[in-house]
Every structure is written in C-alpha cells, then in structure tokens.
Amino acid sequence: MRIEQRPDFQIHLQNLKSKDQLYLETIFNVANGHIGVRDSNPLQGNNPNYVGTPGLFVNGFYDYYPIEYGEKYTGYPENDQVINRLFDPRYIRIKVGDENSSVDFFKSETVDKNLDMQTGLLHEIFSVTTPEGKIFNLVVESFSSLASDNVYGIKYGVVPVNFDDDIEVIKMHSYINQATSSTVSDVRVNESEGHLQLDFLEGYDQPSYLITTYKSQQGAILTYNGKGFKLEYYKDENNHWGYHAKYHAKKGSQKEFEFLFSIGDVHPLVNAQMYADQYLAKLNEHIRHTSFKAELMASAQVWQTFWLHSDVEIDGDPQVQLSLRFNLFELHQSAGRNAHTSIPAKGLSGSGYGGHYFWDTEIFMLPFFIYTNPELAKKILMYRYQTLKQAQRQATQFGFNRGAMYAWRTINGYEASAYWPAGTAQIHINADIAYAIEQYYEVTGDDDFLADYGYEIIVETARFYMEWGKFTEIDGERRFVINRVTGPDEYSAIVDNNYYTNKMVKFNLRMVEKYAKRFENTDLSKRLSLSKQELAEIKEAADLMYLPFDKENNVKLQYQNFDKMNKINLSHIDTSDFPLLLHYHPLMLYRSQVNKQADTILADILFPKGYSDEELTRDFDFYEPITTHDSSLSKAIFAIAAARIGKEKQAYSFFAQAIETDIQNSHHNTSNGIHAGSLGAAWEGIFYGFAGVVNNAETFSMYPKLPSQWNSVKFRIFLYNSEYIFAIYEHEVRVSLLSGTGTTMIIAGAECELTRESPNQVIKY
Ligand code: BGC
C-alpha cells in the first residue's frame with residue numbers, strides 16, 4: 001500500500017511558530033492509546049544536563065507517591081498517583097572512531113521533523129557533529145502502532161557527511177527512569193516519579209524486561225527486536241544486553257537499523273511475575289516475524305479508517321483545518337482502548353497532571369468518539385464501570401450509606417487530588433459520567449451496555465447525591481439543595497447550589513427515573529434493590545432541584561450568592577498576572593465574581609433545550625466579561641454559545657483560539673503535554689456550535705451557523721447504527737445515508753427522512 005502524502009495532513013517543523021525543545025517533544029509525540037513516546041534528541045540518553053523530558057508512557061501504568069501535607073486532615077488522599085515515565089525508546093548510542101555519543105558531547109541539530117497524520121509516521125533528520133568535527137546525518141522514523149497496541153517502531157539511518165571511519169551503533173536500555181533536568185514551579189505539572197524496577201529476563205535472544213512498580217504493585221513486560229546492517233545481539237562490559245553493529249562507513253553511504261518494541265499490558269505484579277514467560281512469548285512472537293515496514297503499513301491502514309469516519313473537512317481556512325486535524329489525531333492517539341484505561345488530561349504525551357483522568361474525558365472528549373467511533377467510546381466508558389467499586393468504597397469512606405463517589409482526578413479509581421477545594425469537592429464528576437452514559441446510549445441505542453453497566457452507574461451516582469443533598473426550604477418553598485461543592489469553575493470553591501452541578505444532578509436523577517420501569521423486576525433491579533420509596537424520593541429531588549437565578553440581572557446564577565461577591569474588572573489586571581491561579585491566593589479569587597472557565601454557560605450548552613436565545617444571550621453577556629479562560633476547556637464552549645445566539649465574530653474568534661491551544665502553545669504549557677480536553681472541545685465547537693447539533697432521545701437536529709470564513713464543512717457521524725455524511729454550505733445542507741437503515745432528523749427546522757430507498761437529501765436554509 002502506498003499512501004500519497006497530502007500537505008494538509010502534515011505537521012511540519014518549519015510551519016510551527018515555536019521551536020522550543022520541550023514543546024516539540026509534545027507536539028511530535030506518537031501514541032496509540034496504550035503507549036506514548038515523546039519526541040526527543042535520540043542521542044541524549046540519560047544525560048541530566050539535557051533540557052527535556054523524554055520518555056515512554058504506558059496508559060494506566062502508574063505508581064504512588066506520598067503527598068506531603070503541611071496539615072493533613074482525615075480523609076485526605078495519602079498518595080498521589082503518577083504515570084511512570086519509562087526510558088526513552090528513541091535513545092541510541094553512536095561511536096565514530098574513538099568518539100562516543102554517550103560520553104563525548106555530540107552536537108545535534110534538528111534539520112527537519114514531519115509528522116504525517118495520515119499514517120502516524122514521524123520522520124526526522126538530525127545533523128550531528130562530533131567534538132572532532134565529524135558530521136553525520138541521523139534519519140529517524142518512528143510510530144506507535146494502531147494495528148497492534150503493544151508495538152512501537154523506530155528506524156535509524158546513519159549517513160557520514162564528511163568522513164570515512166569506523167561506526168558503532170549500540171542500542172541498549174539499561175536504566176528505567178528517564179532522567180530529567182527540568183524543574184518547574186507550575187502547580188499543574190506533576191514532577192513526582194514512581195519507584196520502578198527493571199528486571200532483565202534471561203534466556204531470550206533479544207533484550208526483555210519485567211518492569212515493576214514498587215508501591216502500586218503493577219508489572220509490564222517490555223521487549224525489543226533489532227534488525228539491520230551487521231546488527232547483533234550482544235552483552236557489553238557491564239553485563240547489559242542490547243544490539244550492536246560495527247562497520248566501516250563511507251562518506252555519503254546510508255546504513256539502516258530498525259527496532260520494534262513490544263510493550264505489554266499492565267498486570268498486577270504477582271501476575272506479571274508468574275506469567276512473565278507466557279506474556280513475553282506472546283509479545284515476542286509478534287515482533288520477531290514482522291518488520292518495521294509491515295507494522296507501519298498495518299498501522300497506517302488503521303489511520304486511514306480513522307480519517308475516513310472521523311475527519312472534518314473545512315473549505316475556507318487551511319490553518320484551522322490543519323489545527324483541527326492535529327487535534328483529532330491527538331485525541332485518537334490518546335484514548336485508552338482496553339476498557340481499563342481512559343484518556344489522561346495530557347494524553348500520553350507528557351506527565352502533566354500525573355497522567356490522571358478527569359471529567360475532561362466524559363464532557364469534552366467523549367462526544368467525538370460517541371459520534372465517530374462508538375465502539376471506542378464504549379471502551380472509554382467501561383473504565384468508569386471498572387472503577388465503580390472504588391467509587392463505592394470512596395462513598396463509604398466518606399460516611400455515606402450507599403452510592404458511588406467518583407474521584408475527581410485519578411488513575412486507579414481513588415482520589416488523587418491534593419487540593420480538595422478544587423478537587424474532591426467537584427462532585428459533579430458523578431453526574432458528568434451519568435450524562436456521558438446517556439449520550440452514548442442516545443446515539444447508539446446500546447441496550448446491553450445500559451443494562452449491564454450503564455444503569456448501575458446512573459443509580460449509584462444518583463444515590464450519592466441523594467445523601468449529599470437535602471430537602472429544605474428556600475424563599476418559603478420546599479427545595480432539594482446541594483451545598484458545599486465546587487462547580488467546574490475553579491475560581492470559586494465550596495459554594496452552595498452551583499447551577500451546573502444542580503442541573504447535572506437533576507439530569508442524573510431523572511435518568512434513574514427514566515429507566516426504572518424498563519428494569520423493573522429484572523435481576524438488575526433486584527441487585528440494585530431500588531425500592532418504590534427510593535424512586536419516589538429521587539423523583540421528588542429532581543422535581544424540586546434548586547437552580548439559582550439572579551432576578552436582578554435576569555440570568556442563571558453560578559451559585560447561590562454569587563451575585564454578592566466582589567466585582568472585578570478583568571481589563572484592569574495586568575496581562576502578566578494571567579493565569580490568575582499562578583498569581584493570586586485562591587481566597588482572593590473565591591470571593592470575587594471571576595471565572596476561570598465556562599461553568600453556567602457549559603450547563604446552557606449541555607442542555608440546549610428549554611430556554612430561548614434571549615436567555616442564552618443574557619447569560620453569555622453576563623459571564624463572558626468575567627471569564628479569564630485560564631482553563632483551556634473554556635473558549636470552545638463560549639464559541640458554541642456565541643454561535644447559537646448569532647454572535648458570529650466572537651464565535652469564530654473563540655473557536656479559532658481554542659483550536660490552536662496546543663499547536664500554537666497558547667497556554668504556554670504544551671511542553672507538559674497536550675490539552676486533550678481542549679482538543680475535544682474544539683471538535684464540539686464545530687459540532688454543537690457551527691453545525692448546531694442538538695441531540696436528545698427523541699430527535700437528532702441540526703441548526704447550522706456556518707462561519708463566513710468557510711465555504712463548507714463536511715463530516716460523518718454514526719447515529720443509531722447508521723452512518724451519515726453531512727456537507728454544510730452557506731444556505732444548504734446535503735446529507736447522505738452511507739450505511740444502516742436511516743432515520744428521520746430535523747435539519748434547519750425541516751423534517752428530513754433518510755432511508756435506503758432515498759439516502760440523499762438536500763435542505764435549503
Ligand atoms: C481545569 C479542570 C480540568 C483540569 C484538567 C483544570 O485547569 O480547571 O476543569 O479538569 O484542568 O484538564
């Protein structure tokens with residue numbers, strides 16, 4: 001198979017504004033949901049003076065790290081969980097004559113880097129100069145395979161430029177933790193490291209290891225296989241095994257060396273030790289009988305399928321098009337696919353946020369997968385089911401009788417947030433998960449998922465809220481209230497009746513009610529022991545949920561008493577003081593009417609029905625001037641709101657900024673990893689904003705608002721087991737049924753029936 005390189009799928013070094021080393025390490029990461037490898041200078045090794053944080057991440061492979069609190073109160077998490085940064089599989093040693101890249105300082109300059117998003121291949125050229133002035137080119141190609149999750153491939157080409165001499169190539173990985181020299185003072189960066197052990201597994205004719213974590217007691221097998229000119233398996237003077245080639249190189253000639261790594265699944269330690277041979281045999285089997293090229297081609301084919309179903313084609317703004325493709329590529333690279341992992345907030349591209357999963361997955365990324373790859377969406381949701389037990393235990397530890405309390409940030413299901421006011425207190429995470437389950441179900445109609453997993457989560461999360469909240473009187477009326485929580489906006493904390501939270505919880509409770517009849521008298525309902533009385537209380541709480549409203553300004557109130565907080569004029573704050581969280585004590589922010597990110601507006605977006613455009617306009621005009629967008633999750637949401645209410649200019653401006661979060665490093669911290677939630681939110685900007693999709697159990701509708709900068713936008717989606725392609729033009733929508741039986745949808749107000757017999761429709765608007 002030969003795939004022609006299309007320029008609109010290339011991330012090319014020359015076109016990137018920043019050339020900062022750490023930023024490039026992130027941008028050119030290659031991952032596949034199981035493993036992720038940061039880009040690096042392949043000759044840097046474990047050199048502590050190297051400015052960079054290279055390394056390999058395995059999704060969900062983490063260790064503990066004790067959190068040191070000044071004052072530690074009951075119930076605070078003992079440990080931080082941190083994704084392990086394993087050795088850099090890109091590392092190679094090269095000797096030229098007597099000079100050795102691992103001892104002598106070889107100057108390495110990047111000549112070129114190109115990431116082909118069609119195939120997932122990263123192609124790089126380095127020009128390397130030895131201290132004696134010998135110059136050679138190092139051509140490096142690498143990819144993480146989408147066809148076999150365990151495989152990472154790397155190929156090196158060595159070309160002497162100004163000499164003939166002996167060259168030795170040594171590929172050996174004898175340490176496990178990748179050293180790093182960077183020290184950062186940003187609270188959002190996690191610098192702790194797991195405690196790892198690398199055990200060499202003897203008796204195989206290729207380097208094979210068992211990597212184990214000390215505290216979390218996990219294990220993974222890693223092995224790699226090399227092929228190339230005179231390359232042989234060998235043991236060095238320190239008894240370390242690796243690959244070695246020695247040859248006399250001629251100026252201008254190129255020799256190639258390729259390696260396929262196989263990085264196994266994560267197992268409990270005992271298991272990994274006991275079955276090491278068996279696991280290794282499986283990993284070995286695969287990489288020994290294939291080649292870099294064959295694996296790359298297989299992976300590229302999967303990328304082709306991905307683009308076929310998931311691409312969004314924009315005619316009119318090539319820059320936005322490329323940024324969008326980068327976002328979709330990264331999202332797909334980052335998503336855990338084994339039902340035991342989710343999508344870390346930084347993908348598998350960096351150790352920012354410790355590799356933790358947040359609500360980012362369910363609210364900002366999952367919609368993209370639900371509509372374009374429902375199978376994968378289900379696996380991502382399954383992670384929440386796999387950690388339901390932990391959530392239940394957490395609720396019990398909190399003193400609750402029943403229900404589940406999902407962790408705000410976590411890998412293993414338990415809370416890892418060291419700052420509870422903006423962490424554990426964000427109990428909306430429960431309802432975010434329930435909301436995502438409902439979204440998945442509405443789009444797929446996957447009854448088995450709902451019956452086997454989804455409904456149980458919906459009930460358990462709701463039960464938690466029934467105990468947290470309470471019935472009380474407000475303004476003389478009986479209400480259900482949820483006090484002392486933190487909403488999505490992290491510049492307010494421990495508030496009463498956060499609008500977003502209450503609205504989401506109301507929905508969560510309604511879901512219990514909605515499906516209760518369906519599961520009545522089933523094994524599931526027996527197992528859940530949902531009584532009539534409990535259902536009645538849940539219904540009453542949903543009916544009476546208190547949603548704060550500011551009568552004076554006629555807007556939804558972010559939380560009860562938000563209107564009494566200090567007003568701040570953001571334009572009076574020096575630009576160098578943003579993000580505010582790095583410059584102000586949290587209490588200065590909590591007492592003010594200032595937002596880090598979309599909060600009430602997000603609720604408007606997630607529940608687009610039941611209010612008028614005028615209402616949304618009032619909310620928008622109230623919250624937009626007080627929002628700093630210090631969270632990268634914010635702008636895309638404001639873009640959707642602006643598009644809905646016809647603020648076209650603002651919509652496009654917010655969207656264009658949101659879409660460039662990583663590619664332009666606009667939050668100045670892409671070096672720590674991509675902002676996966678923000679990338680997903682940008683897709684939402686198109687889908688819910690410009691395409692104007694409103695979906696609920698009854699109908700799929702679309703109210704397009706094509707930006708004037710675009711001639712058209714095209715994308716495919718799956719809906720109730722059928723696939724459709726949409727092309728939206730200024731005054732026309734073309735929709736075709738590609739597979740499945742079709743449905744009736746509303747497009748720009750018109751009812752539109754798509755069937756096998758009449759699969760194409762053109763709607764003028
Ligand atoms: C945001 C949170 C988000 C987290 C991880 C924070 O800056 O405020 O909403 O979940 O980043 O992306």
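Every residue, even glycine, has its Cβ placed from backbone N, Cα and C.
Pulled from TrEMBL:
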| type | residues | note |
| --- | --- | --- |
| DOMAIN | 325-684 | domain 'Glycoside hydrolase family 65 central catalytic' |
| BINDING | TRP359, ASP360, LYS596, GLN597 | substrate binding site |
| ACT_SITE | GLU490 | active site, proton donor |
| DOMAIN | 700-753 | domain 'Glycoside hydrolase family 65 C-terminal' |
Return the single residue from the recorded positions list (ASP360, GLU490) that has the minimum number of other CB atoms within 10 Å. GLU490
About how far apart, in whole Å, are the alpha carbons (Cα) of ASP360 (substrate binding site) and the residue listed as 'active site, proton donor'? 14
For the recorded substrate site formed by TRP359, ASP360, LYS596, GLN597, which further same-chain residues have Cβ atoms within 8 Å of the site's Cβ center? PHE358, PHE364, PRO488, ASP489, GLU490, SER631, LEU633, SER634, GLY677
Residues TRP359, ASP360, LYS596, GLN597 [recorded substrate binders]: greatest CA to CA distance in Å: 16
DSSP secondary structure for LYS596 (substrate binding site), reduced to helix/strand/coil, please. coil
What's the CA to CA span in angstrom from TRP359 (substrate binding site) over to GLU490 (active site, proton donor)? 13
Residue distribution over DSSP helix, strand and coil in the domain 'Glycoside hydrolase family 65 C-terminal' (700-753): 0 helix, 37 strand, 17 coil
Quick check for the class: what is the C-alpha distance, in angstrom and rounded, between GLN597 (substrate binding site) and GLU490 (active site, proton donor)? 8
Secondary structure of TRP359 (substrate binding site) (DSSP, helix/strand/coil): coil
By a simple count, how many Cβ atoms lie within 10 Å of the Cβ of TRP359 (substrate binding site), its own Cβ left out? 23
To the nearest whole angstrom, state the Cα distance for the pair LYS596 (substrate binding site) and GLU490 (active site, proton donor). 6
Local Cβ density at LYS596 (substrate binding site) - other Cβ atoms counted within 10 Å: 22
Could you check what DSSP calls the residue listed as 'active site, proton donor' once collapsed to helix, strand or coil? coil
